[in-house]
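Trainee: Sharing the record's features from Swiss-Prot:
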type	residues	note
BINDING	THR144, GLY165, ASP187, ASN229	S-adenosyl-L-methionine binding site
Amino acid sequence: MPWLQVRLAITPEQAETYEDALLEVGAVSVTFMDAEDQPIFEPDLGTTPLWSRTHLLALFEADTDETALLAHLALLTGGDLPEHHVEEIADQDWERSWMDNFQPMRFGRRLWIVPSWHAAPEPDAVNLLLDPGLAFGTGTHPTTALCLEWLDGQELAGRQVLDFGCGSGILAIAALLLGAERAVGTDIDPQALEASRDNASRNGIEPARFPVYLPADLPQRQADVLVANILAGPLVSLAPQLTGLVRPGGLLALSGILAEQAEEVRAAYSAHFDLDPTAEREGWIRISGRRRAD
């Protein structure tokens, strides 16, 4: 079934008004999109930031009267409509389209991330089966890729791993499949913990080998390896805590860092870690190193 799509160019201040009005006039969905390819970095917790210029996309049933719709929308919002465009678009199987675009990916020498519905390209490789049904890491983002490649290059046999900000659990599960004895995950989002549990089960990992916690419940034990793919601000503010969670001689890998933020993050850890050269991909950075003996 085709749909009538209305696209409006709005400011953040107009967002709530137009979202409410579009739903009032019968939109079956309303979506916010970046109008100018502007990234949003490190929003405050509990906020839903928007770009300075945002496109608001609304879908209506195809037989909707376009003229009446726009007139009603103008009436509800109390003035002339902002720049807008109306067109008919074909229906499509969005889930199938997304699944077709998420293909197996290789990281380093041994590790593959394989969608759970896809056959493993190399059955004898280390294959991590992933179903990113919740909006967490899949390996496609440069920061996740940098961490996965780093893990693939480490000797993890018998190691205890901490995944700080675990999301889908992709980094901890990769470490376990690459030989780690046990991993612990922590995240501020309960949905992330559920996604981690589901993905661990899909890969045959028992809960005892990969317990996950909210930060307040995280046992304060030192790990042999700590990975944290979060953001530069938290990495800097949490540096004393993260340092304390790595045993002397243990390894650290940090990502979620923009190139211009690298020096600040390195400075926050350089007092206690011998840091490796910075790794970079598409403007994102990985910082890794070994904790010095106390």
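Glycine too: its Cβ is placed from the backbone N, Cα and C atoms.
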Trainee: By a simple count, how many Cβ atoms lie within 10 Å of the Cβ of GLY165 (S-adenosyl-L-methionine binding site), its own Cβ left out?
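Mentor: Around GLY165 (S-adenosyl-L-methionine binding site), other Cβ atoms within 10 Å: 23.
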Trainee: Tell me, how many other CB atoms lie within 10 A of the CB of THR144 (S-adenosyl-L-methionine binding site), whichever protein chain they belong to?
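Mentor: Excluding its own Cβ, THR144 (S-adenosyl-L-methionine binding site) sees 25 Cβ atoms within 10 Å.
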Trainee: Below 8 Å Cβ to Cβ and six or more residues apart, same chain only. Which residues does that give for ASP187 (S-adenosyl-L-methionine binding site)?
Mentor: GLY165, CYS166, GLY167, LEU193, SER196, VAL212, LEU214, PRO215
Trainee: Per DSSP, to which secondary structure element type does GLY165 (S-adenosyl-L-methionine binding site) belong, with helix, strand and coil as the options?
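Mentor: Where GLY165 (S-adenosyl-L-methionine binding site) sits, the three-state DSSP reduction gives coil.
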